[in-house]
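Listed in TrEMBL for this protein:
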type	residues	note
SIGNAL	1-23	signal peptide
TRANSMEM	71-88	transmembrane segment
TRANSMEM	100-120	transmembrane segment
TRANSMEM	126-147	transmembrane segment
TRANSMEM	159-180	transmembrane segment
TRANSMEM	200-221	transmembrane segment
TRANSMEM	250-275	transmembrane segment
TRANSMEM	287-305	transmembrane segment
TRANSMEM	317-336	transmembrane segment
């Protein structure tokens, strides 16, 4: 019964994500009908099978070169951040854990801000994401190195506390760079840090797509083992799990996923915090069930949040992170009112 419900819910969410992906491409300052959107996509994917679309060159460029990469990056970011948040909440037994727990986002921000301030642009389709990803990797290595105590053991508590400390330090570095930079560069850096998909291009997608899909698959395959960490280290050992090794593997996988996504779209908060709670309300706390529902729900949420961000005040665009913060904050206030006092 539970498996049947999970399968049904997952299929419904997957269908909603697929339909929303096509629909979302049509929204924006220049609206494009959905049949025309599908015709352009079909012809680009299968030129020998699908006839040329009845669309202008500008419409083809908008659909294929601008909006479709943006929509796909939004879906990837939603799925990856929600899944990482679900895993970290289970492993740390902390309902407020999110993908930015280990300072990875702060490291990516340092790399991105350096490029923005010292090259004067956020338009680089390779340079900006690459610099942000290198910053995220550097932060990940710094956290792991600092979290190793004199005994050489890395515990969950040390990782979390070290990640918070490193994030504070890197945030201070980012703020110092912005304050000492030019006004134009500072504005561009702040806009990037608030999160968005405006710079998404096909050349940006391979790294976040590859690491996110591989990471999701690895997390789902290891879900049964990861669940044992929620019981405590002693219980996990009694079940044949090496908590230290598994925690290290989780740290590397989740940090790489988060770093790849943040490097491509900036810091988008609340998705990895809110979606795991919604998924848990629907299917319970077991990771094997929680991961697909959280990932698909996250993808669906960010698809439509991005539509709102670029359509509500078109042609002006709101940072996606602003919209997710508003939605996430409102949801948490509602959730706190529903929960009985401890």
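Placed from the backbone N, Cα and C atoms, the Cβ positions cover glycine too.
Comparing 100-120, 200-221, 250-275 for CB pairs under 8 angstroms to the transmembrane segment (317-336), the maximum falls on 250-275. Contact between the transmembrane segment (126-147) and the transmembrane segment (287-305) is absent: fewer than three CB pairs lie under 8 Å, with pairs separated by 6 or more positions in sequence. In this chain, the transmembrane segment (287-305) lies in contact with the transmembrane segment (200-221); the count of Cβ pairs under 8 Å, excluding pairs fewer than 6 apart in sequence, is at least 3.
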